[in-house]
Structure formats: structure tokens, C-alpha cells
Amino acid sequence: MSIILGIDPGSRITGYGVIRQQGRHLQYLGSGCIRTSEKELPGRLKQIYAGVTEIITQFQPDVFAIEQVFMAKNADSALKLGQARGSAIVAAVNADLPVHEYAARLIKQAVTGTGGADKVQVQHMVQHMLKLPAKPQADAADALGVAICHANTNKTLVALAGKATSARKGRYR
């Protein structure tokens with residue numbers, strides 16, 4: 001059993017989603033958005049760090065998963081996104097959490113079955129997969145998608161590691 005904190009970073013709105021993974025079962029624990037109010041970027045980064053730290057304290061996750069930076073057309077936006085990610089990652093590292101990063105296309109693939117899915121499709125599938133009564137906010141749904149992606153990727157890696165161990169045992173008898 002592990003608790004996974006997923007983060008969809010943004011310099012103005014950072015989504016978060018927390019799930020519990022028990023084998024193949026995923027249970028929704030919480031989600032929402034950290035909305036920054038500061039006008040200047042350093043103040044927003046401080047709010048992101050404080051918000052993620054508070055979420056870590058509240059939910060006590062075992063692992064931290066975050067969306068990777070994608071190359072945006074606007075370099076300034078990409079830099080701000082990278083700084084927002086950094087603030088969230090520092091909060092995780094300060095809490096001694098392992099950090100895992102996933103590309104947006106991989107996250108969408110894990111949740112919807114296609115890497116080109118839009119936000120509405122992600123919201124719908126997250127609601128369905130976690131049996132939520134209503135669609136989560138877009139940024140929170142994306143963050144839950146990050147957590148779901150980690151859970152699915154982690155299950156696959158554990159299964160592959162087990163098969164590799166079994167194969168090695170059989171080979172050296």
C-alpha cells in the first residue's frame with residue numbers, strides 16, 4: 001500500500017491529487033488547487049512551496065510524482081513552469097519523498113489510452129477511474145492523472161522486476 005501525491009505544476013495554479021494504491025485498487029484521498037495570489041514570481045514560488053508542504057503534512061504521501069516540463073512556444077512561460085516545478089520538488093525533497101517525473105503524453109496515455117487527450121477527456125476518465133461523484137477541476141484532474149500514471153507505471157515496473165528475478169533464478173539452477 002502506498003499513498004501517491006501527484007502534482008500538475010503551474011506558476012499561477014498548481015493542481016494536486018492524492019490517491020492510495022493497494023495492489024490494483026486505487027482510492028481517492030483528496031485533490032485541489034494551490035492558487036497563488038502574489039503578483040511577483042518569487043512570492044508565487046513561495047506560495048507553491050508552502051502549499052505543497054502543507055499537503056505533504058496533511059496526507060503523508062510515500063511518493064511524489066510530477067509532470068515534466070514540456071517545450072512551450074513561449075520560452076518565458078516554460079521558464080516559469082520550470083521554477084514552479086522546482087518549488088514543488090524542493091518541498092518533496094525536504095520531506096524525504098522519492099520524486100518521479102512523467103511526460104504529459106505518458107500521463108494522458110495512462111489515464112485515457114491516448115497521449116493526445118484533451119483536458120475534458122482526462123477529467124472524465126479520472127472521475128470514472130476513481131469513482132468520483134463529480135468531475136474534478138481541470139488542474140486537480142491533471143494532478144490525479146499524474147498520480148494514476150505513477151501507480152500504473154509502478155505496478156508495471158514491479159511486475160517486470162519480479163519476472164526478471166524469476167528468470168534469473170531459473171537460469172542459474
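In case you wondered, yes, glycine gets a Cβ from its N, Cα and C as well.
The Mg(2+) 1 binding site annotation in Swiss-Prot covers ASP8, ASP139. In the three-state DSSP scheme, ASP8 (Mg(2+) 1 binding site) is classed as strand. Counting only same-chain residues six or more apart in sequence, the Cβ atoms lying under 8 angstroms from the Cβ of ASP8 (Mg(2+) 1 binding site) belong to THR14, GLY15, TYR16, GLY17, GLU67, ASP139, ALA140, ASP142, ALA143, GLY145, VAL146.
Residues or ranges marked as active site in Swiss-Prot (evidence: sequence analysis): ASP8 (among others).
Taking all protein chains in view, 24 other C-beta atoms sit within 10 angstroms of the C-beta of GLU67 (Mg(2+) 2 binding site). Here Swiss-Prot flags GLU67 as Mg(2+) 2 binding site.
Taken from Swiss-Prot, the feature active site covers GLU67 (among others).
Annotation note: ASP139 (Mg(2+) 1 binding site) sits in a helical segment as assigned by DSSP. Positions annotated as active site by Swiss-Prot: ASP139 (among others).
Neighbour count (other Cβ atoms within 10 Å of the Cβ, all protein chains): 24 for ASP139 (Mg(2+) 1 binding site).
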